[in-house]
Structures are given as structure tokens and as C-alpha cells.
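Trainee: If you scroll down you'll find the structure; I have some questions about it.
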Amino acid sequence: MECFTPFRLLYLLLVLSIPMSASMAEDLGTYIIHMDKSTMPMTFSSHHDWYLSMLSSMSSSDGVHPTHLYTYNHVLDGFSAVLSREHLDQLEKMPGFLAIHADTFGRFHTTRSPRFLGLDKNAGSWPEGKFGEDVIIGIIDTGIWPESESFKDKGMGPVPDRWRGACESGVEFNSSYCNRKLIGARSFSKGLKQQGLIISTPDDYDSPRDFLGHGTHTASTAAGSPVRDANYFGYAKGTAIGIAPKARLAAYKVIFINETDTAAASDTLAGMDQAIADGVDLMSLSLGFEETTFEQNPIAVGAFAAMEKGIFVSCAAGNSGPEGYTMLNGAPWITTIGAGTIDRDYAADVTFDGGIFTIRGRSVYPENVLVSNVSMYFGHGNRSKELCEDFALDPKDVAGKIVFCYFNQSGGPSQVREVVRAGAKGAIISSDSEFFIFPSFFSIPLVVVTPKDGDLVKDYIIKSENPVVDVKFLITVLGSKPAPQVAWFSSRGPNNRAPMILKPDVLAPGVNILAAWAPKRALTFVGDNGLLTDYILLSGTSMSSPHAVGAAALLKSAHPDWSPAAIRSALMTTAYLLDNTVGSIIDMDTGVAATPLDFGAGHINPNMAMDPGLIYDIEVQDYINFLCGLNYTSKQIKIISRRSKFTCDQANLDLNYPSFIVLLNNNTNTTSYTFKRVLTNVVNSPSVYRASVKQPSGMKVNVQPSMVSFAGKYSKAEFNMTVEINLGYARPQSEYIGNFGYLTWWEVNGTHVVKSPIVSAFAL
């Protein structure tokens with residue numbers, strides 16, 4: 001799962017997979033076994049029976065028998081089981097055996113965001129997409145809190161007849177909790193349990209019920225019903241509503257809070273497999289596994305099967321930014337989402353000496369406490385005290401006071417812990433980092449101010465004989481600028497497993513998103529008291545993915561015949577590149593213009609995506625040709641595609657993708673590549689488009705033909721685009737970006753504009 005508490009890291013949620021080898025016996029481990037289904041003997045009525053027969057035939061010198069966990073029917077041909085080394089040796093010799101992978105762990109990476117996305121009940125993608133009516137979204141996450149107001153089914157019609165799912169009973173969860181909004185809820189934990197991990201209250205529920213709150217938050221973001229007066233302790237008050245509020249939800253719990261707060265690959269595959277069987281139209285996964293080759297990545301394998309069924313899969317890009325090549329979930333059949341800010345901020349007004357001057361800082365302190373005429377402290381002249389370093393403050397100096405200190409880049413939350421340890425009443429932090437503010441779960445009033453304001457505070461304290469301060473909290477600022485910005489934590493491209501595909505695909509809201517929460521889970525404290533809430537502010541690419549899947553649900557409702565690639569294309573080619581100051585989207589980390597390695601094609605614009613004019617479509621065989629182009633072996637391709645018969649005669653790394661990237665090696669600043677693309681008209685009329693290229697210095701682009709015409713809906717046109725890069729001796733803008741431009745197809749005598757980024761980047 002990928003999420004942060006307001007403004008700052010809640011957990012270090014870098015998604016690192018850990019091979020799982022030993023469990024109950026010294027050499028027992030959980031494994032995912034891939035089989036060649038075509039070799040199943042005729043004596044078996046199903047491949048499930050075949051797998052069980054194989055397991056029952058295995059012997060072990062210590063008398064330990066194999067344990068079957070899951071049979072997979074859609075995401076792969078095979079099963080998962082607990083096996084010993086002797087079992088593995090026997091299995092590898094059996095007919096039909098293809099490959100085996102050890103189970104792995106993966107970790108988990110609103111009132112304003114719908115309006116920020118331009119959603120309006122009277123015009124645009126909400127009414128055109130019927131608010132996502134009857135589209136079914138599967139959320140693969142930490143489960144769901146079914147009693148939340150966001151999952152009420154008022155005004156919703158009967159569950160679609162095509163739905164094949166169920167609502168499971170379990171610990172503190174009854175099948176009756178589902179309704180016409182929440183139409184399915186299941187739980188998958190066999191893989192985790194086989195590692196000796198205990199799932200029990202008070203740590204978590206062995207059922208679909210959400211203990212952590214993350215799955216509840218993502219589900220309500222994607223498709224929550226409208227809830228008036230939702231707020232986070234007075235902040236962000238308004239009507240909380242999902243991006244596709246009339247869509248149906250199905251929750252698949254695969255992440256559990258225990259010693260590791262992780263998901264097992266075997267459980268994740270089982271959840272995705274069941275979602276496909278149940279009949280979801282879209283999936284969102286705000287979690288990830290280590291970037292391995294695609295056949296070893298459970299999400300990549302499961303998403304390929306979903307794509308074949310026409311299911312759109314949205315995934316969080318990861319929270320390992322701002323460095324390059326930190327992308328997760330980079331398979332080209334997945335739509336990968338980065339995180340951006342929205343135009344809402346949270347503030348406190350700080351007044352000095354009864355009104356000499358007032359400054360506004362950032363804060364999400366959850367109480368309207370009275371901070372009036374409180375003495376201040378600043379450790380002037382002692383650098384350790386100025387930075388509030390560990391054990392630097394003397395309680396005799398700071399007890400009961402508001403401490404002012406400068407942000408220590410290497411200190412972070414430890415500075416606040418030091419303020420708390422010393423007995424201070426609160427703290428004002430001067431930080432030059434746009435992204436930095438302390439999380440609300442610290443128990444004292446906190447305000448972060450800019451360096452300019454910080455200098456005013458410092459001068460005031462130094463010159464005043466008795467510096468005192470008043471603070472007013474619970475201020476929500478709407479229309480803050482600039483927005484969006486690329487969140488500092490959002491993982492950046494290129495993707496190291498397939499760098500010839502530009503990732504992330506798009507940016508979506510992912511900072512300080514208000515959505516539903518598990519009300520028994522306290523993350524916010526005042527003093528020693530944990531505060532419970534039904535709605536909470538979270539940040540992370542975890543929050544971005546459900547925004548994108550909600551937008552995709554609107555497109556799916558309006559265009560049920562569109563493929564997952566068509567939906568992604570519409571989101572990408574209509575994405576915007578300018579913030580609300582009409583300037584380029586800014587990178588929070590650097591404070592300067594971001595690049596497509598940060599935001600992909602741009603920030604999603606659901607209203608424009610509803611009518612993109614043209615799309616870049618991709619078929620299943622194209623992805624197989626791409627895998628061939630990556631020099632994957634026949635075994636690797638068979639595992640991903642579940643096909644026994646295929647050829648690599650058309651091996652090709654140039655997918656019909658809506659973006660373009662050329663790679664430079666570290667020894668040269670020059671390269672050239674010719675892309676081939678096919679455009680499909682999705683408008684009910686003939687049309688003509690003209691190509692226009694924005695090319696920076698060091699990039700030369702030639703498009704042939706420069707005019708394309710379409711006879712009608714679904715007619716196609718091909719073009720080639722040659723990109724020549726010569727950076728000379730110019731330094732790249734960042735560690736990996738070379739330069740970038742854009743190809744735009746303008747409709748002649750029409751309104752459609754189809755834009756794609758062209759990027760040069762250095763290989764890892």
C-alpha cells in the first residue's frame with residue numbers, strides 16, 4: 001500500500017519484496033507453481049483436480065505432506081502450495097510443470113478532488129459517463145469498513161445480473177453488510193498464514209473488514225456515495241464523493257496488519273483471480289512488489305489476464321521519489337499513476353506580541369485549541385538547539401513554551417519528538433521544503449512556515465524581551481496555487497524493466513485527499529488521547545490510483561466497447577500540462593518545471609478524456625510481440641500469457657503507445673529512432689488531423705504523413721515518426737532526462753486535440 005499521513009510520511013512504504021522461504025518446518029516454503037494446462041491428462045475433469053492429485057502423490061522423508069493454498073483459474077495456469085525441498089524436486093519432474101516462484105511480500109504503497117478534476121453534475125464526464133452507473137470496480141487492498149456513509153446505496157438500482165461475486169462472512173463481518181453499492185467483499189490470507197503470521201484482533205480482522213483504513217479510503221475515493229459535511233476534525237469540510245459515485249464496489253482484502261503489514265504474492269494473485277471471476281470491469285491496486293521480470297511479478301501477471309478480459313487495471317506508481325528509475329507497476333498493460341497536489345491547503349494564523357504582525361503557516365493540528373499569549377523560545381547561537389536536535393533542548397528553558405526551530409533535513413519528525421520530550425507546548429518550524437510538514441499524529445500544536453516568515457520570527461524573538469504568540473488553527477485554504485504539483489514522494493520514470501515505455505502514464509490527485517476511514521483506527525493524537533474519525537486526509541500514490549480508476553469507470557460507462565488501452569489512451573492524450581497559474585506543472589522537490597519522467601503525459605482531465613477524438617489502441621498480440629522484443633524466453637511468455645502456441649515472428653519493442661521515449665546510453669548524447677503508430681477515430685463522423693511538433697534544442701522530429709484522414713468511426717490511419725537526438729555537450733535537466741517535446745494532432749475544422757510527450761532519457 002502506498003500512502004502518507006497529511007503532508008508527511010506515515011510509514012516508510014517503499015515496496016520491497018522479500019523472498020519467503022521458511023515457515024512451519026525448516027525447509028518448508030510457499031510457492032507459486034505455473035503449469036502447462038494443455039498437458040492435463042484426460043482422466044481429470046478439471047485442472048484443480050489434476051493439481052490436487054499431483055500434490056497427493058508427493059512423498060517426503062520427514063512425513064510432511066504438501067499443503068494446497070489456491071488454484072488460479074484466470075490470472076495464471078497453476079496453483080500455490082506449501083512445499084518442502086523434496087516436494088520441489090518431485091514436482092519439477094512431473095508432466096506439465098512449467099516454472100516455480102517463491103512467494104513474495106508486497107507492501108501497501110474526498111471533498112475537493114472531484115471539483116479539482118472539473119467534475120460537474122450538470123455537464124462533462126459525470127452526466128456523460130452516467131456517474132459510473134453499474135460499472136463494477138474491484139479494489140485490491142486492506143478490505144473495507146462497510147458501515148461507512150460512503151458505501152450507502154441510497155438511490156441505486158438492483159445489482160447487475162452479470163455480477164457473480166459474493167459477500168463473505170468472517171470476524172466482525174457479516175454477508176448482510178453488502179448492499180447495492182458494496183456488492184462484494186472477500187478476504188485472502190492463506191499465503192500469509194503459511195508464514196506463521198497470525199491474523200487476529202486487536203491487530204487485524206481475519207475477514208474483509210478493514211482494520212487499517214487504507215482500503216476504505218481508496219474505495220471511497222474511487223466510487224464513494226456523496227456524504228455531506230465530511231471533514232477531518234474541521235479541515236476540508238464539504239461533501240465527500242467518489243470520482244464515479246454510481247459505480248459498484250467490490251473489496252478484495254489481501255493486505256493484513258501483522259508483524260510485517262504486507263501482502264503475499266499468492267494472496268494477491270488469488271484476489272485478482274477472484275475479481276476476474278466475479279465480473280469486475282476495472283481494478284485498482286495501491287500496492288506493489290519488487291520490480292522483477294514481469295513473469296515473476298504477481299500484479300503484472302494478474303493484470304495481463306485482466307487486460308485480456310477487457311478489465312482496466314490502475315496501479316500506484318510507488319512512493320520512492322523523487323529519484324529516477326523508482327517506478328513500480330511498470331508493465332505496459334497496466335495504467336500507472338503518479339501523485340499530484342490539489343488546490344487545497346491547511347493553515348494556521350500565527351500572531352506575535354498581540355498583533356505586531358501575523359503570518360500564515362501550514363498545519364493540520366486537529367483541535368481549535370487556545371494558544372494565546374504563550375511565551376516563545378529559540379536556541380539562538382547554539383546550532384543544535386536552533387535545529388531542535390535530539391536531546392539539545394533543556395526542559396527548564398522550553399517547558400510550556402512555543403519552540404521555534406529550523407527544519408533539519410536529516411532530522412524530520414525527530415525534531416518534534418525532541419520538542420515533545422522537552423515539555424514544550426508546541427512548535428513553529430521554518431522549512432524551505434515545500435513538501436515538508438509534520439504529521440498530525442504528533443500530540444502538540446505544530447505550524448510550518450516558509451523561510452521568509454521564519455526569518456521574521458527569528459528576528460522578533462531575538463529582539464524582544466518577552467516574545468509571545470497567538471495561534472489560530474483549523475483554517476482550510478481553497479484555490480491554493482500553484483496546483484497541481486508533482487508530489488515529492490511520487491516515484492519517477494523510466495521503468496527499469498521496460499524503459500522503452502514512458503512511465504508513469506499520468507498524474508492524478510494524491511496529496512491530502514479526504515476520504516472514508518476505519519473509525520476504530522486512531523492516527524491522530526492530542527496529548528495522550530487518540531482521536532477517532534470517519535474521514536481522514538492521506539497522501540500517496542495509493543490515493544492517485546483510485547482517482548484514475550474512478551475516471552476510467554466514467555469512460556467505461558460512456559464507452560463500454562473501449563479496451564483498457566483505449567481508456568488509457570483517452571486519459572493520456574487529453575491530460576493537461578499547465579497548473580492553475582497557467583505555468584508548467586512544478587516538481588515539488590526541485591521547485592522548477594517537472595518533466596514527463598515525473599508526470600507522464602500530464603494530469604488527468606476526465607471531461608476531456610470523454611471525447612478524445614483519436615486513440616492509440618493495443619491488442620493482446622501486440623503485448624506478446626513486445627515481450628518477444630524484450631527477449632523473454634518462451635517459458636516466460638507462456639507464464640504471462642498462458643498460451644502454449646505463439647510465435648515471436650513479429651517481435652517488436654515499439655508498442656502502439658500514446659507516448660514516445662528514446663533511450664541514450666551513458667557514452668553518447670546522440671541517437672535516432674523511428675516509431676510506427678496507428679490512430680483510431682472514435683468519433684461518429686469523418687475527420688482530418690494535422691500533425692504539429694514542439695521540439696526543443698537537441699531534438700529533431702519528422703512525422704510522415706503529417707496529415708491523416710478518417711472515413712468514419714473506428715477507421716484507422718498509420719504514421720511514422722523519426723526522432724533524432726543530439727544533446728551535444730549540454731547537461732541534461734536532471735540525472736536521467738535528456739530533453740522532451742510533444743507531438744500534437746490537431747483536428748482540421750474541429751475541436752479535438754491529441755497530444756503525446758516525446759522524451760529522451762538516459763539508460764540506467
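Quick reminder: no glycine exception, Cβ is built from N, Cα and C everywhere.
Straight out of TrEMBL:
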- Asp141: active site, charge relay system (ACT_SITE)
- His214: active site, charge relay system (ACT_SITE)
- Ser542: active site, charge relay system (ACT_SITE)
- 30-105: domain 'Inhibitor I9' (DOMAIN)
- 132-588: domain 'Peptidase S8/S53' (DOMAIN)
- 654-759: domain 'Subtilisin-like protease fibronectin type-III' (DOMAIN)
- 1-25: signal peptide (SIGNAL)
Trainee: Rounded to the nearest angstrom, how far is the Cα of His214 (active site, charge relay system) from the Cα of Asp141 (active site, charge relay system)?
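Mentor: Roughly 7 Å, rounded to the nearest whole number.
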Trainee: Hey, how far is His214 (active site, charge relay system) from Ser542 (active site, charge relay system), Cα to Cα, in Å?
Mentor: 9
Trainee: Counting by DSSP secondary structure, give me helix, strand and coil numbers for the domain 'Inhibitor I9' (30-105).
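Mentor: With helix first, then strand, then coil, the domain 'Inhibitor I9' (30-105) has 20 helix, 25 strand, 31 coil.
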Trainee: Per DSSP, what is the residue tally for the domain 'Subtilisin-like protease fibronectin type-III' (654-759) in helix, strand and coil?
Mentor: 0 helix, 64 strand, 42 coil
Trainee: Report the mean pLDDT of the predicted model across the domain 'Subtilisin-like protease fibronectin type-III' (654-759), rounded to a whole number.
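Mentor: Summarising the domain 'Subtilisin-like protease fibronectin type-III' (654-759) by its mean pLDDT gives 94.
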Trainee: If you draw a 10 Å sphere on the Cβ of His214 (active site, charge relay system), how many other Cβ atoms land inside?
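Mentor: 31, counting other Cβ atoms within 10 Å of His214 (active site, charge relay system).
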